Amino acid sequence: MSILNQAINLYKNKNYRQALSLFEKVAEIYDVSWVEANIKLCQTALNLSEEVDKLNRKAVIDIDAATKIMCSNAKAISLNEVEKNEIISKYREITAKKSERAELKEVEPIPLDWPSDLTLPPLPESTNDYVWAGKRKELDDYPRKQLIIDGLSIVIPTYNRAKILAITLACLCNQKTIYDYEVIVADDGSKENIEEIVREFESLLNIKYVRQKDYGYQLCAVRNLGLRAAKYNYVAILDCDMAPNPLWVQSYMELLAVDDNVALIGPRKYIDTSKHTYLDFLSQKSLINEIPEIITNNQVAGKVEQNKSVDWRIEHFKNTDNLRLCNTPFRFFSGGNVAFAKKWLFRAGWFDEEFTHWGGEDNEFGYRLYREGCYFRSVEGAMAYHQEPPGKENETDRAAGKNITVQLLQQKVPYFYRKKEKIESATLKRVPLVSIYIPAYNCSKYIVRCVESALNQTITDLEVCICDDGSTDDTLRILQEHYANHPRVRFISQKNKGIGSASNTAVRLCRGFYIGQLDSDDFLEPDAVELCLDEFRKDLSLACVYTTNRNIDREGNLISNGYNWPIYSREKLTSAMICHHFRMFTARAWNLTEGFNESISNAVDYDMYLKLSEVGPFKHINKICYNRVLHGENTSIKKLDIQKENHFKVVNESLSRLGIKKYKYSPLTNLNECRKYTWEKIENDL
C-alpha cells in the first residue's frame, strides 16, 4: 500500500493533481470505495485552480471585464496597475446604465371579479415554517408517500476519549423508546483501544464499529464512514462526548415518524463526568439528568450565565418557536446532536470532507439541506450533556481551527453570510451567490449578447448556467467557442426535450442560492440582479422578486414597453400571468416545488411561478430591467390554441394543489387569442 501513502503525502503537500492520479491507481488496483472520498477531495481542490488554468490558456482579451479583475485579484492572472485600472473603468462604463422606472397605473390588488368566498390558503410565516409544510402535505391533492419507519441509526464519531465514549454508550443503553435503534461508533484513527469499549456494550446495544486511519482531523470523513454503515432510514449524529438523556431517541423518532422533511436539532448542557464511570450510569439511569451544570472550557461554543455555560442557541430557539419562525435555521445546526432522514444525504450530499479543522462543517452541511428544501426544528426533549474533558484537555485547537474553516465557510455558503464586494477587491467564489439560468434552443444570433448581459452585472458574485436543448444551428459551437474555458459560465447540451426540460436541466446546474431566469434571445440591464437582490436582502422570506420589461425587435429597436401590473397579489397571479421578466427566485423555493412541467410546451413559466407563489411571498419592482426580443418565433406567441389550453390548465392545477375544489377557472370565449375568464362554481353533490 505504499502507493496509497504516497498519494496521501502528496495531498497533504497540496500536490493535488499527482495525488489524484495515484488515488485513481489505487482504485484500479484495489477497491474504489477505499479512496472514493480522497478522489473527491482532490477533485474539489483542483476545481477552482483548473478553471483559472483554463482561463490562463485562453486569450484574456476575450473574457468580460469583471471576470478579468476577479482573476487578477486572486493572483490567477497578472495585470499591472494601469491595465487593471483600465479594465475597472471599462467595467464601470458597461454597468453604468440604470433601469428605467415603469409607468404606473392605479389598480386594485385583488381583482374585482375575484369570488368573495374564494380564499387562498395562507403562506408560511417564515421560510422554515415546518408547521405550514406539514399542513401542505395534508391537502387532498398533494402527492403523498408512505413513510417507512424502521428505526434510528446513531453515528458516534470519536477520536480517543474512551472513558467519555463509554459514558455516552451507557446513556444510550438507558433509552426509553418504542423505536428500534442501532449505534455505530466511527473511529477517526484513535490511539486508545476504542474497539475494546465497543465490545463491552455488544450485549447491551445493537452496536457496530467502523474505523479509518488517522490522517489528522477528519471529522467529516469519519461521520460519512459511519453514515454509510447505517441500516435504518433515519440517522442521528451524536458526538462521543454528548451523553443523551433517556428520552433522546424517542424525542427524535416520534417527530421524524410524522415528517421526514424536517431535520431535528437537540440542545446541550455542559457537565463534568470525570468522577464517574460508565457503570454508574448503567446502574443509575437518571444520573445523567442530575449532574450539576458547569462552566465549559470551550470558549468558542458556549456563553456563561449564572456561573454555568449555556447553549447560545436556546434563546433563539425560544424566540423563534423552535426555529419555525427563523429564515436562516441552518446556522443553528450543530452536528454534535442532530437527526434527519437518510434520504437527505442523497439529495443534498454528504458532509464536506474538505473541512479538516474544527468548526463550520455542520453549518455548511445544514445550508445544503436548507437549500434543497429541508426544514429544521429544535427539540427540547433531545437534550444531550456535553462532557467536558478533564484537565482542560482537548484534542483540537478549536479557536485556531475556526479561523481556518470560517474562510472555507464563506466560500461555500453564499446565503446570509456573503456581502456585496466592490469590483476592486472582488474574487471568484467556490459557490456563487447568484446563478442566471438560460434554456437555449437555436439562438446562435443572440446567445453571446444574452450571456454577456448576465456577466456584465453590477453584482459580480454570479455565474451563468446554460442548457442547450439540442439546437440544430450553431448555438452549441458558439457556446464552446466563447465560454468553454470561462470560469463563470457553465453549460450542458442535451437532446431536444422542450422548454420545460431545458429549464429544469439549467436550474439543476445552478449553484447559487438566488436564481435568475434569462431567455436565450433576450438580455438584461446591468443593474437587474442587484435590484432584485436588494429586495431579497430586505426580506429573507421572499420566494421570488420580479421586475418588468420592454419589447424590442431583432435590431434592438423599441417596439413597446411590456405589460406591467404594478402591484403583486396572489389573487391577481391566479387570474393572469403578471409575473414577467426579469424574475429571480430562491433555490430553496424552487426545490419545494416539482419544478418545470415537461409535458407542456406553452404556459411553462406561468405554471412555474404559480408553483412558486404557493410556497412563499413575491415582490414586484416597477423598473424595466429586461429586454425581450420579439422575432416571431417566441413560444409565448406561437400556437395560441395550445397556449390558451395550457393557460387555463395550469391555473386549475394550482387550485388543486392548494386544495381548492369549489371553483374552476374557465375561458369566457372560444377565441384562441382571448384570455378572458370566468370563475365557475362547482356544486358539491354530497
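Backbone N, Cα and C atoms are what each Cβ position is placed from, and that goes for glycine too.
Lifted from Swiss-Prot, the feature list:
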REGION    130-417  region 'Galactosaminyltransferase'
BINDING   P157, R161, D188, Y217, R223, D239, C240, E361, D362  UDP-N-acetyl-alpha-D-galactosamine binding site
BINDING   D241, H386  Mn(2+) 1 binding site
REGION    418-682  region 'Glucuronosyltransferase'
BINDING   Y441, D469, Q517, L518, D519, S520, H581, A603, V604  UDP-alpha-D-glucuronate binding site
BINDING   D521, H631  Mn(2+) 2 binding site
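Listed in sequence order, P157, T158, Y159, Q212, D214, Y217, Q218, L219, A221, V222 are the same-chain residues six or more apart from D188 (UDP-N-acetyl-alpha-D-galactosamine binding site) with CB atoms under 8 A from its CB.
Here the Cα atom of H581 (UDP-alpha-D-glucuronate binding site) is found 13 Å from that of D521 (Mn(2+) 2 binding site). A straight line from the CA of Q517 (UDP-alpha-D-glucuronate binding site) to the CA of R223 (UDP-N-acetyl-alpha-D-galactosamine binding site) spans 37 Å. Only Y441, of the binding-site residues R223, C240, D241, D362, Y441, V604, have a C-alpha within 10 angstroms of the C-alpha of D521 (Mn(2+) 2 binding site).
On the backbone, the CA of D362 (UDP-N-acetyl-alpha-D-galactosamine binding site) and the CA of V604 (UDP-alpha-D-glucuronate binding site) stand 37 Å apart. Taking the C-alpha positions, the distance from H386 (Mn(2+) 1 binding site) to H631 (Mn(2+) 2 binding site) comes to 66 Å. Comparing V604 (UDP-alpha-D-glucuronate binding site) with H631 (Mn(2+) 2 binding site), their Cα atoms are 19 Å apart once rounded. Put simply, R223 is the one of the binding-site residues R223, C240, D241 whose Cα lies nearest to the Cα of Y441 (UDP-alpha-D-glucuronate binding site). Largest Cα to Cα distance within the recorded UDP-alpha-D-glucuronate binders Y441, D469, Q517, L518, D519, S520, H581, A603, V604: about 21 Å as a whole number. Between the CA atoms of D519 (UDP-alpha-D-glucuronate binding site) and D241 (Mn(2+) 1 binding site) there is a gap of 53 Å, rounded to the nearest whole number. The maximum pairwise C-alpha distance among P157, R161, D188, Y217, R223, D239, C240, E361, D362, the residues recorded as binding UDP-N-acetyl-alpha-D-galactosamine, is 21 Å. The two recorded residues, R223 (UDP-N-acetyl-alpha-D-galactosamine binding site) and H631 (Mn(2+) 2 binding site), have Cα atoms 55 Å apart. Here C240 (UDP-N-acetyl-alpha-D-galactosamine binding site) comes close to I156, P157, T158, Y159, R161, I164, L165, T168, V185: these same-chain residues lie at least six apart in sequence, with C-beta atoms under 8 angstroms from its C-beta.
Under DSSP, R223 (UDP-N-acetyl-alpha-D-galactosamine binding site) is assigned to a helix (H, G or I) in the three-state scheme. Taking only the Cα positions, the spacing between H631 (Mn(2+) 2 binding site) and D241 (Mn(2+) 1 binding site) is 66 angstrom.
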